[in-house]
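To start, the structure under review is shown below, and the notes come after it.
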Amino acid sequence: METPVSRSHPNPRHGVRVVGKIRPFLESEAARSCPILMGRSGDGHASVFFGDQNRGSKGSSKLDWCYGPEEGVNDVFSNEVKPLLQELLEGRNSCVIAYGAPGSGKTQLIQGTEESPGLALLTVTDIFPVVEELGGSINISCYEVYQDHVYDLLEPKGEVLVMEDANQRIQLKGLSQVPVKSISEFKDLFLHGCDLKTPSQNIANDVMVKSHRGVIIYVSCVDKESKQSFVAKINFVDLAGYEDIKKKHDVKCTLAESAKVNKSLYSLLNVVQAVNSNQNYVSYRESKLTRLLQDFISRSTGAVLVTCMSPVACLDTVHAVHLASRSCQMVNQHHHDSIKSSKNASRNVPSCSPMGRVRELDASLKKLDISQFGSIEKKGYGTPSETNRRLQPSGNSSRKPGSAIHASFKKLDMSQLGSIEKKGPQHLGNSLRKPGSSVHVSIEKINNSSMMKGRKLFNLKSPCIKVEKKICASDVGINREPSVSDMDVSIVNENEHSKIDDSGPSALEVDAVSVNEHNCVEGLVGIGPALEVDVVSANKHNCVEGTVDIEPAVESKLSSDQHDDIVENLNHNPAFDVAASTPLLTDKLREISNSLKLWSNKPIGISTPQDDQCKRKLSGDTVDPQTPVGLHHLDYNSRFEDVGTPQDKWRTRSTGLKKSLVQECLTYLNSANKEELKALKGIGEKRATYILELREETPEPFKDVDDLKDLGLSSKQIRGLMSKILGDLKHDFWC
Ligand SMILES: Nc1ncnc2c1ncn2[C@@H]1O[C@H](COP(=O)(O)OP(=O)(O)OP(=O)(O)O)[C@@H](O)[C@H]1O
């Protein structure tokens, strides 16, 4: 273990720091080999190494910082928690989360013991005198999240409801707040009061359960300067242990229980990642845990997620740290910057739209350290140097301001999980392009059966080329900042190997394209109405990896055999195993599969003007791609209206129909009067009154089906409720 390096404090402390803490060896572990090692850099970051035997699942992970076994809880407190307390006393919420595999020291870190206090007790000890001096007070709540339900640990009653008020603050209805008048009172309540039989144990009949537990410390004070009173809170969360549910299972808790725990942990890490990469949409609603933490984890609050590790590497720990690593600030900083510039460059799709959200979520995948997915690297591709040689530009590489970029992506081999190779770059010389001229990006996706292709010409009021990495500015010589927002390509990062072309009519659109130093295209690529490639990123071997989402084809359709082949390939791709522990990727794979199914189900009656060209390209001829003529005039409706059986049309529309029916139900619940509400299945006097109360706080409290869970309704009850509403609507319609 190396000597500690002093850690830099980001200032101000916003977002979530993801740090590691390796606990000391226990007696039983001392004799064992394969310790976890760490390295810390002078610029305030750390890497955790897992040793040779874990190399298969990636030998190291980056974190925002890491504390070694020789460092105590006090070190974590002074470096990570103290800066948050400063903010707490100024009225800002914050949060400290202990995450990790079972037995990694989470409870010891958060709760500790009388002799060796954890972070929560150290916090109260630290702030108590200050709050007293300010004439303020401290209250606490202790809770447990078990199977996506929240329970009070200090005054156990029914379930605690997690709700959002009119100011979009989270209210924990039914969670008691107990005043604490001294540090010893806090100790009694926190260390001993919560150790009685918990609600989850009651539910599970005394069986050992896996649940998240937390203590919220509320500080009520009067601001010295403004003389205004405020309540700020800090939440200490001891998460249930992350466990690979595929391995031989602990008989004490069920598989379903572990799966639920992992799901909530994934959703938490997704939230942390979204916050740290400054995404517009943060999926707090994914689980009760994230909903509960909504007020504590945001860009405007400070938080720290401590990834606890046993000192001996085991697979659960390795996976837990890898997952944490993708959410850390350091890993997401670049992505944050690129999203920011992407937003500046502006696109037609507003980021708050569902598609925008999907794209932002997908974009986050790109910032995964791709070597995590080493197993999906395209084999036989040559070393980076070989690749570079092959990709040397053949023409004059100098580029003038305003010149055009032609990024051509060829060969989408679905069996490689959507690997896209940028082949045969050619420079078209000093193709001058003035502001207002166009960029032609051609996207071509060809698998063995020449699936599809398409391209986009988009107009630029000014060049939108951003120079990055190893690009020599004099070589490129292009304006670095787009000055006009009217452009379809948000970011184009190019290097000296990029190819230029500025011909062809408009057909498809591309969101963001970047080229890394190995001449690989990476970024977020959305291709208009015809195709959809969400995330593409490149690894160091010049292979593009990521998630590819393909929307209904325009030019050709997959036969069911082709579809099965692709799904089969995806299923047999070693990456799929890795994906199982990487929720976003798994979700995307599911989406790919669904999209492909949908696709193969739809007969598309569009002629395939590019067929010949596809064939020519497959046969190896280098031909500049041509935009499908008139493709952009077609919208989905016109494409599907005149083709297929009524059943096909129904399938095409049913998703939209379902969504609108759900929306109808929510609108009904947001507007029905008390009597109408009470006439619904599952809604009695109490719930109807409660809904009306909610409406007073927020005019439309139900925006999502998940919101109905806040009424304490089970999924079955929600289905019954919706059936009743829809039944009534149907009745009204026919009468
Ligand atoms: N800093 C430490 N110093 C000494 N022992 C420690 C330390 N941290 C943890 N331990 C010991 O390691 C063991 C596991 O710790 P702990 O119960 O905190 O893990 P956990 O991650 O909360 O486990 P679980 O997920 O099963 O609740 C305990 O025996 C604890 O005493």
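For all residues, glycine too, the Cβ spot is worked out from N, Cα and C.
Annotations in TrEMBL come from automatic prediction, not curation.
Looking just at the domain 'Kinesin motor' (15-330), the mean pLDDT is 87. As annotated by TrEMBL, domain 'Kinesin motor' applies to 15-330.
Under the DSSP three-state reduction, G105 (ATP binding site) is assigned to coil, being neither helix nor strand. Annotation comment: TrEMBL describes G100, A101, P102, G103, S104, G105, K106, T107 as ATP binding site.
The region 'Disordered' annotation in TrEMBL covers 376-403.
Taken from TrEMBL, the feature compositional bias 'Polar residues' applies to 384-400.
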G100, A101, P102, G103, S104, G105, K106, T107 excluded, remaining Cβ within 8 Å of their centroid (ATP): R23, A98, G241, C308, S310
Listed binding-site residues (P102, G103, G105), ranked by Cβ neighbours within 10 Å, top entry: G105
Those binding-site residues in A101, P102, S104, K106, T107 whose CB falls under 6 A of ligand 1, listed in sequence order: P102, S104, K106, T107
Local backbone state of G100 (ATP binding site), from DSSP in three classes: strand
Those binding-site residues listed as S104, T107, and which of them has the most Cβ atoms within 10 Å of its own Cβ: S104
Cβ atoms near K106 (ATP binding site) (within 10 Å, other residues, all chains): 28
